[in-house]
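Inspection log for the structure reproduced underneath, given as structure tokens.
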Amino acid sequence: MVEQTNMTLDQTDLHYRIAAFVARQVVKKRHLVLIFMVCMTIFWLYHCTHVKIYTYLPDLLPQHPYTDLARKYPFGAINRVLLEIRVKEGDIFNRNTLQKIINISDDMIFIEGMDRNKVISIGVRKIKNIKATSWGLSVPSLMFPSPPQDDEEMEELKSNIYSNSMYFGQLVSLDSKAALIIGEFFEKGVDYKLAYRKLEEIKTKYTDQNNEIYITGNPYLYGIISHYIGQTFKIFIISGIIMLLLAAVYTRHIRLTLLPLASAVVASIWGIGFVGLVGFNLDPIILVVPLLISARAISHSIQHNWRINEEYAKSMDMEIACENTIKALFYPGMAGIVTDAMGILLVAYIRIPIMQKLGIICFCWAMSMLFVVLIQDTIFYLYLPLMKDIDSWYKKKRSGIMEKVMGVIALSGKGRGRYIILGIVTTMVLVSGYFTSKLEVGDIFPGTPILRPASTYNVACNVMDRDFPGLMDPLLIVARCDGERGISTARLMEKLSEFQFYLMQNPLVKRTVSIADLIKTANMKLMEDDPQCYVLPDTDLSIGAHLLGLMGGGAEPDDFDQYYTQDYGAANLVAFCQDHTTRTVTEIIRYCKDYISRITDKDIHFDLASGVVGIVAAVNEAVSKDQVLISIAAFVVVFVFCSMFFQSFVAAFLLILPLGVANLFVFGYMGLAHIGLSLQTLPVSTIAVGIGVDYGIYLLSRIREETIRFQDLEAGIIEAVRTAGNAITITALIVIAGVVFWFMSDIKFQSDMGFFLSLVTFFHLLGTLFFLPTLVYLARPSFILRKING
């Protein structure tokens with residue numbers, strides 16, 4: 001039997017007495033505790049059956065005036081789908097392709113969740129050909145219900161399209177080789193998986209040797225994400241297998257392999273059950289974070305169970321071993337789990353519903369480890385057969401390769417080594433600081449950041465952007481005018497047209513559209529297509545007459561919903577922008593604000609901003625504002641908890657310094673690699689702070705414990721790194737293994753988040769093993785040394 005060491009904790013200390021009481025009650029009342037754990041697990045398992053996995057559009061929109069505007073004035077462009085039909089040879093003006101446009105438009109109208117009044121193409125009833133007649137304006141359909149029947153009708157259709165800027169370049173490409181069908185889904189109640197399947201059926205049905213189909217838009221994108229759920233679960237399984245293999249290779253004991261798996265499973269049941277209880281949905285794109293929590297459960301469990309084995313090897317009494325483990329790890333374990341959970345909870349501060357749900361769900365999921373790891377694992381050990389091979393296992397692990405490596409790492413902080421480490425860290429901090437200064441907020445490249453650049457979706461985005469410049473990135477501006485006439489005033493229409501002209505002076509804007517364009521066109525038609533009459537009438541009565549003429553010429557009431565509200569309360573100005581990268585969005589919003597600030601008419605209002613560009617601007621503003629706040633909050637929370645646990649501000653400072661350095665390294669890498677600070681990277685640093693400090697807490701508490709035992713700081717550091725550093729390394733590698741394989745995901749959001757969580761965990765591991773011991777060597781903190789010979 002291994003010789004038992006003396007307890008190094010002060011048994012008169014209140015914290016020790018509380019830990020000892022909890023340990024004694026868990027061991028003595030194990031039967032009641034087990035019944036409680038089983039009942040709770042059954043309760044949460046029942047609620048797991050109510051969980052649904054799907055993407056919900058409003059969850060992705062930040063709480064911001066721009067999104068409030070989009071909801072108040074639903075002119076579209078948020079939940080729309082774009083379908084382009086493109087010919088390989090010739091142009092679209094052939095009966096086959098034109099009939100396909102009509103049929104595709106009809107099929108899209110009947111997709112469940114589609115707003116039928118907002119399906120737009122040259123092949124639907126609502127797209128009109130404005131004509132002047134002897135009695136006024138006539139507004140027949142452009143090409144409905146059938147395509148031209150002969151060459152004469154075909155030429156007339158071409159003429160009608162080519163002469164109308166509302167159609168030519170917007171619904172038909174400038175090279176006449178592509179046409180666009182636009183559909184708008186309702187914001188709520190959409191089954192994106194079904195929508196994706198129906199759109200794929202349309203794509204398959206109408207693609208032939210000469211006609212290609214490209215599809216983009218949020219509903220289609222979210223359907224793609226749902227389509228990848230199978231791949232997501234495969235990555236879950238692969239990650240789980242790798243984590244188990246690492247645990248098995250490291251522990252070389254089936255008990256230390258399977259018990260952590262059981263902990264992860266039970267913690268998952270509790271976490272997912274909470275989701276079902278509160279009625280949240282699980283979004284597929286954020287599933288990498290729950291898997292990270294499962295990896296943390298395995299990590300905590302390995303550390304906890306490893307200590308039980310060590311204590312059992314010393315005492316050869318399982319009850320004593322379990323009590324000693326709870327007493328020794330009660331506060332480090334609780335502090336580690338709580339800081340994990342609090343770091344995750346801070347994500348809920350981000351004013352985006354999906355992040356708020358993520359923070360709340362994963363906080364409760366992480367807090368379940370207080371019961372699952374600290375209590376359940378202990379109970380399992382008390383019921384399992386005693387380990388007969390404990391002596392040989394303990395001796396092998398004490399003389400293993402990992403402990404020898406940890407011994408070398410511990411010695412690296414002695415003498416000149418500590419100054420070399422400080423020099424390396426200082427150099428990396430300066431370099432990282434430089435590249436961090438170049439970090440941008442938002443998307444740096446066009447397309448959707450949720451999928452990979454080479455994905456079919458982003459390829460379709462590139463094709464559409466080439467054929468219809470600016471189409472993918474509209475900015476919607478709402479115009480209002482006080483008074484009973486609303487927008488039907490000459491002054492507002494003049495300002496609207498002036499704003500359009502102003503926007504077109506910016507090279508980042510490709511084109512603009514508003515109701516003013518339709519009124520100019522109607523005015524020109526009434527003057528026998530005289531181009532000189534493509535102007536706005538100069539009286540309110542004339543503006544009102546043109547609006548009534550458009551409505552009364554055969555149009556349906558909802559035909560102009562994309563241009564203005566039916567009560568004439570607001571009009572829509574659309575600016576089609578070059579892209580939605582950070583620089584473009586920032587410049588366009590600034591450019592618009594500059595114009596609005598110069599408007600002197602106090603009864604005329606222009607409200608920013610909806611559409612893709614507006615929503616991206618809202619997300620960017622939320623990310624840039626919340627990043628600083630939640631990062632500071634994360635470090636404050638860690639500082640407070642660590643100060644309380646160690647009863648020392650110095651200890652808290654020693655712990656957060658490596659965390660700050662590790663986070664700076666990650667941001668520096670992002671700046672170097674031209675990766676923008678986005679929605680998927682925003683929670684990483686905050687979550688990682690809670691995880692990273694866990695390693696520091698375990699090591700620092702072990703340094704204090706071993707220093708008291710050896711009565712020497714240097715010996716205590718070496719022994720702590722050799723033992724606790726061993727467990728910390730394998731648990732960090734398990735966490736990395738749990739998320740690094742997400743790089744295989746076709747969902748770039750998952751891939752990026754997995755990569756950054758792996759990267760920041762790796763930096764936290766290095767900081768804990770090298771930088772923290774060096775800081776302790778140099779600081780010689782009194783909260784450790786005061787108990788030597790004390």
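Cβ atoms are placed via backbone N, Cα and C, with glycine included.
TrEMBL tags one of the stretches 258-279, 280-301 as transmembrane segment, and that stretch is 258-279.
Applying DSSP to the domain 'SSD' (650-778) sorts its residues as follows: 115 helix, 2 strand, 12 coil.
Looking just at the domain 'SSD' (650-778), the mean pLDDT is 83.
Proximity of distant same-chain residues to the transmembrane segment (258-279), defined by a Cβ-Cβ separation under 8 Å and at least 6 residues beyond the stretch ends, is recorded for 37, 40-41, 43-51, 244, 247, 290, 293-295, 297-302, 305, 360-362, 364-366, 368-369, 371-373, 376-377, 380-381. Contact between the transmembrane segment (31-47) and the transmembrane segment (329-352) is not supported, since fewer than 3 Cβ pairs fall under 8 Å when only residues 6 or more apart in sequence are counted. Proximity of distant same-chain residues to the transmembrane segment (358-384), defined by a Cβ-Cβ separation under 8 Å and at least 6 residues beyond the stretch ends, is recorded for 26-27, 30, 33-34, 37, 40, 255, 259, 262-263, 266-268, 270-272, 274-275, 278, 280, 282, 286, 289-290, 293, 296-297, 300-301, 304-305, 308, 318-319, 321-322, 325-326, 329-330, 333-334, 337-338, 340-342, 344-350, 683.
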